[in-house]
Amino acid sequence: MSPQPPGDLAEDKERETNVLIEAAPGSPVKVAEDGPGRPPSPVAWFRMLARELHWSFVFGVVATYGVSQGLGGGITRVASDYYWKDVQRVQPSVAQVYQGVTSIPWMIKPLWGLLTDVLPVAGYRRRPYFILAGFIGVIAMLLISLHNKLHALFALLALMSGSASVAIADVTIDACVAENSIIYPHLAADMMSLNGFCASVGGLIGFSISGFLVHAIGSQGALGVLTIPSALVILAGVLLKEVQISNFPYEQAHKKFAEASGKMLTTLKCPEVWRPCVYMYMSLALSVDIQEGMFFWYTDRNAGPSFSEGFIGFMFAVGSVGSLVGVILFQNILKDHPFRSLLFSSQLLLSLSGMLDLILILRLNLKMGIPDYYFAVIDEGVSKMINRIKWMPLLVLSSKLCPTGIEGTFFALLMSIDNIGSLTGSWMGGLLLHLLEITRTEFKNLWAAIIIRNAMRLLPLALLFLVPRSDQNSTLLPSDLLNEGDDDGEAHRIQNVELTSLAVDRGSFPNRSLQDCENRAGPDVEQDDDEASLLANRS
């Protein structure tokens, strides 16, 4: 089918622009309220997101954040701790380092993002990567659950593979989140709240059943249960509706990789981008993680309170409730506050909440008449709530730093920076536990580790000048970055296969070369016009 003349294409694009302006991106979203002045109910909120962003996008978020990351992450957290402690019998400092190593696949998220953005498989951009992620997770979890004498190195590789499975699925849905944040900037905070809500609810369920699973079928059996979330990711990939790209020029894939890499580098050189990136890394790197030392103390029969597997799972489940409360507070109270003031308050509260660990370790809670069980639950809930409140504006900030055309790749890059910061904090925590000689049975210096951690959490306050003063509804990227490379960005959007919810904001590219559009789109132009007609019918 021959391409349309440039004149006809221009008229079609103008009609598309008018439809999009009237239909979605700039128009306010109306949500049914429970009453005058009252916020919408959760059901109405979900319906609004499903209507504005399409149900398949919401389903993708629920499957990835809720089941794979939330539910699976809750089980992994408890089961892997017991696996390293009871099966592999390593020291707390080593377990802390291993937990950091398993997060390495999250640091190469830009690679997964580049693959999903520029390299379709069999004509599809999203479905193959969901399916690949699911199969990797199934194989890895079956290996670690069925092999009774697996060497620590191979066990670490299996857990890393499971982490890679979740990371690949995550970056695929993150691409959709980042693009929707640009198309629907007024829904950016709502999408992040949806992500956090699904992750918190999934984590609550995962932590609630994790301890009972470890007690009933052991840590290896509990890890084997993680094949179910991976299988669901495969199912999501199979059911995902995508338009197949025909005659994709695979020989130009390397060129697209180079172009995307060049645009990422250009964006990172922008002060509006690199300054927040530095803050995000430092705030996570300086938040030293000593959780493995705390876990070994929790379960020690002599020095610690000797919590059971079921109570450990319950305690982490309460932490998920606290995280969910943090999401609710952010969505209803904090999402319109400026980035800088919100991050200042949350970072300060994070340091102060760490003192609850010190009270528990020194058993001061017993002198106050509060049993260890109650105080540990309160400690976990408060800490996770504040952590979530701190994390939410960082997610919103990241989504607003993504240039058009490489949204998924750049969002993955920002998340990898955050994960490198978390890895740095985890390894620094492992080093701290080692230097203070905290072992499987020796915890006399654990109080010192807690004090050092809490003091280091205050250091990012000195770097808040790197964060923009603007509120979370503002556009942060300069206009030249948003409009730079419009030709390539629009051609990418024409060829890109999205979740069926993602209506392409072609009106965002007013300076697009018509001749370039004709040459690059080729036979796909008529298909693109059909998409415009369908969108017009929807609106």
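Using N, Cα and C of the backbone, Cβ positions are placed for all residues, glycine too.
All annotation found in TrEMBL is predicted automatically rather than curated by experts.
TrEMBL lists transmembrane segment for one of the ranges 194-215, 282-303, 392-413, namely 194-215. The recorded stretches the transmembrane segment (221-240) and the transmembrane segment (310-330) do not share 3+ CB pairs below 8 A when only pairs 6 or more apart in sequence are counted, and are therefore not in contact. Residues of the same chain lying 6 or more positions beyond the ends of the transmembrane segment (152-173) and with a Cβ under 8 Å from any Cβ of it are 60-61, 64-65, 68-69, 72-73, 76, 80, 83, 88, 90, 98, 101-106, 109, 112-113, 116, 126, 129-130, 132-134, 136-137, 139-141, 143-144, 223, 226, 230, 233, 408, 412, 415. Taking pairs at least six residues apart, the transmembrane segment (194-215) and the transmembrane segment (310-330) share three or more Cβ pairs below 8 Å and count as touching. With a threshold of 8 Å between CB atoms, the same-chain residues lying at least 6 positions outside the transmembrane segment (129-146) that come near it are 68, 83, 112, 115-116, 121, 154-155, 158-159, 161-162, 164-169, 172, 220-221, 223-224, 226-227, 229-238, 240.
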